[in-house]
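What follows is a single structure, written as structure tokens, with notes after it.
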Amino acid sequence: MSRQVPYEYTRHLRSSSRAAYPSFLSFHETVWIHVKCLSRGLFDAFRWDLVIRTATSDPEIRSNILKSILLNSLSLASIYAFDLLLQPLVHDHSSWLRRNVGWCYQVLWLLPVVGTSFYLNSSWCNTIAKRTFTLQYGNRAVQPRHVTYTGMLNTLATSAYRTVMVLTSVIVSLGLGMIPHAGPFLSFAFMCWIDAFVWIARGLSLASRVRHLEERWAYYFAFGFPSAAICTWGSGLANAALFALLFPAYIIMAMTAQPAPQDPYNPLSSSDTVRYPSPLIPIRLPIFAIVIRLNDFVVHILSITGTAGQVKRHHRAHSHSSENAEEGAGVHTSKLTNNVSRRLRHPNEPRSPVERTGERRKEPPMDRRKRA
């Protein structure tokens, strides 16, 4: 005969199981939260008062912003001078003259000016970002590092990986634009997230930045909407110059912004109980899934080329390879650093334990005769 379970005990089990079951927000509550995140993103994207206040309070930021404005204004003036003045003047002439004048102007003047402005603008914007981050979070936010040969190689690897990521993002945006009917809207939405992703770095790693944006997709869509709308109406070079012109201002806005929600898995953090968003609306959108896969493929190809036969021993998952490459810790970089450091070392300087174990141990001739 089975033993009867007391009523109080079964009621306690049911109450504990009910308490362990997650509670969700309703559909309209989740929609309202995303609407508030959209409005918060638009509000933070128009905080020009913060840009003016930061630029006027710090001379280093102000000087870099002024240099960026002057150089990018020269690029825009050069682009529109060709489109509005030079091209109409040679339009009625022969095709040979029109083609050669446009080619000479672009190669000898336009491309050098735009390329130089982009290179200098990236350096100035990096200084603006570091200085704004220091003003926002204190002097301990940015710790000075000693400049070494390995650090220089890691910096080059980091810049190269970020350049590849920007190029793959542009390729994905162009590919989305080729989709019939919905392509232009998808491409524009993707560019909104790309612009917000570029500006909202804050010193985080690649995986942290991607996860942070994909879990707050409504806020970052609205934050990148104004710049994407401005930089999609002109030609390719004009849009790039406009982007570079707005870049310093939006860096300052991004450093002072407060992305919402603070906890995507518990957006109503004021309540004591954890209430997840409605399952009908995703918490995280895989926005950069295609871009990360393309970057993983590029990093994998570069790893195969750099290791030359050691792929099996150094096999890793693609996500770890891309993370290391983005942080400047590629396999080929470390091998190059070890080879150069061995060549530059003094003969009397002691070797590291790793190098001693990596070398082949030579035995005396007497030991080989005894073994034989």
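Just so it is clear, glycine is given a Cβ too, placed from its N, Cα and C backbone atoms.
Sequence annotations record features per position, and here TrEMBL assigns compositional bias 'Basic and acidic residues' to 346-372. Taken from TrEMBL, the feature region 'Disordered' covers 310-372. What TrEMBL records for 69-90, 102-121, 160-179, 185-205, 217-235 is transmembrane segment.
Tertiary proximity for the transmembrane segment (185-205) is limited to same-chain residues at least six positions away from its ends with a CB under 8 Å from its CB atoms, namely 41, 129, 133, 141-142, 166, 169, 172-174, 176-177, 179, 212-213, 217, 220-225, 227-228, 231-232, 243, 247, 250-251, 253-255, 257, 259, 287-288, 323, 326-327. For the transmembrane segment (102-121), the list of distant contacts is 67-68, 71-72, 74-75, 78-79, 82, 86-87, 90, 237, 240-241, 244, 247-248: same-chain residues at least six beyond its ends, Cβ to Cβ under 8 Å.
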